[in-house]
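Novice: Sending over a structure as structure tokens; questions will come in a sec.
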Ligand SMILES: NC(=O)C1=CN([C@@H]2O[C@H](COP(=O)(O)OP(=O)(O)OC[C@H]3O[C@@H](n4cnc5c(N)ncnc54)[C@H](O)[C@@H]3O)[C@@H](O)[C@H]2O)[C@@H](O)CC1
Ligand SMILES: Nc1ncnc2c1ncn2[C@@H]1O[C@H](COP(=O)(O)OP(=O)(O)O)[C@@H](O)[C@H]1O
Ligand SMILES: [K+]
């Protein structure tokens, strides 16, 4: 794996970043030299941004930049940026409400003032700035922000101006993304060296804005020395996601070799869930698709998914599947994967017992999860013989794992605990979907769109994931890698659909039609190894 690819996947905690930095300094890199290098890269990036985006940053002779400077090296970086932008002709002003500063930061402040950059006592005096640089705190934030800094940050936020945060928005916990007291609401974040975990947590996203990484050549040996060869937390990136897709197909194959997926979904009340799950399964390219639904849904399903084998099952009085009635000579072991849950209602309780006893990979979603929670998540899953993937949103997660951490806060901790206790792969849905395997490795989906916050999007994911698992069954690819690929593909389809149709135009049915569009764009642009 090349440097760029590795760096794009690495995610670090504050402690890991500190340990990596210490190795660099122990190796002989002077602290001041590194600050000069890093801040030079930041200044270059800001200058390019200003030139690139003239609607957001209009050219004007009075264009003024306010720079917020903290007591540590985040403040030191900000002061070097202030000096560089000043020498490049920008009008800059500084706000640094700290009397105690680290030595290097103090030296840079003294020099900045000596060349004529004014350091203001009050942030109000920067009110006319067009852009702010946030260099108050980086990964060294230790406690909740208090006054007078809290008031200054709140004032800055009220101005609703463009703010570029250095490393991470000040006030965010580097690991959990929690707002500690108050936090800068940045429009852009330039993360330094390696992605900080907090920037990938849902609770941070209101403050992060558009995030990008500034690579300052941290040696790979230092990264591996602290994180090990197999990273504990990884961003899901395009290259790894594409590499687990079942492309290209071998020329000599047949439908059963390309995976047989069984979907179990729907009820008289929720027929749409069954349909969307089916369309998600179809978009995966799976060789054979069988869909078990209550008898009364059979004709609608056949009309919409003519290629699928629709299995009409006896119904309860309420219109849920009463029992699985598979075709003659078929039992659950004939399938390569099963996905079960969307639209079932809790009345389909008896069928869950049956699928849990099967020995093929199983995805549980929606009512499949609710029924599992009623049965007792952990004792029930302990009896499973084959891999299980649970795909809860935060509400379902709470029902499944009432004693674990809150899935709305440190989601990485929550999903990791859940996978360890249940011995399942757990995919916790959200703006930054998090996936954990029972061994404690976590995958985070770094890009998505709120266009997906819409009923039915999750059903599409269930079908898609089931279809990919069925196709991977003979390929020895870990279930968690396939799960990460499904999350990436699903989110990319949402992003592409939102670009073409706005965030309001991505209903779940439309989403299914964009799945293949993503592959057309990505596969063609990345490689010529795929044949069509
Ligand atoms: N050596 C370098 O030049 C490099 C610097 N980097 C920068 O250095 C930063 C880390 O620097 P530091 O370790 O100095 O940490 P910070 O600059 O994030 O802040 C630490 C300082 O803030 C004080 N502090 C913490 N919480 C506070 C609170 N709530 N209220 C008031 N004061 C508080 C601490 O006592 C300490 O003095 C990174 O985020 C990054 O910006 C690195 O990214 C790259 C290498
Ligand atoms: N704000 C958001 N940003 C990005 N993706 C989101 C957001 N909100 C929801 N999603 C995604 O949309 C899907 C919603 O699934 P789910 O809650 O199960 O809905 P449903 O059951 O209605 O299908 C998940 O894949 C989730 O990650
Ligand atoms: K900052």
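Along the chain as shown, residues are numbered 1 onward.
Each Cβ is built from the backbone N, Cα and C atoms, and glycine gets one as well.
Just so you know, TrEMBL annotations never went through curation; they're auto-generated.
Values in this document were obtained by computation on a predicted structure and should not be read as measured data.
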Novice: Besides 429, 430, 431, 432, 433, which of 455, 456, 458 does TrEMBL list for that AMP site?
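Specialist: Looking through 455, 456, 458, the residue TrEMBL assigns to the AMP site is 458.
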Novice: Fewest neighbouring Cβ atoms within 10 Å: which of the binding-site residues 143, 393, 432?
Specialist: 143
Novice: At the level of the C-alpha atoms, what whole-angstrom distance separates residue 170 (K(+) binding site) and residue 139 ((6S)-NADPHX binding site)?
Specialist: 9
Novice: Please name which of the binding-site residues listed here, 74, 429, 430, is nearest in space to residue 141 ((6S)-NADPHX binding site), Cα against Cα.
Specialist: 74
Novice: Which binding-site residues from the set 134, 430, 431, 432 come within 10 angstroms of residue 75 ((6S)-NADPHX binding site), judged by C-alpha positions?
Specialist: 134
Novice: Among 73, 139, 170, 393, 429, which binding-site residues lie by ligand 1, judged by Cβ under 6 Å to any atom?
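Specialist: Result: 73, 139.
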Novice: Using only C-alpha positions, which one of 429, 431, 458 is spatially nearest residue 393 ((6S)-NADPHX binding site)? These are the binding-site residues in the record.
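Specialist: Sorting the binding-site residues by distance from residue 393 ((6S)-NADPHX binding site), the top entry is 429.
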Novice: I'd like the Cβ neighbour count for residue 458 (AMP binding site), meaning other Cβ atoms within 10 Å of its Cβ, all protein chains included.
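Specialist: Excluding its own Cβ, residue 458 (AMP binding site) sees 24 Cβ atoms within 10 Å.
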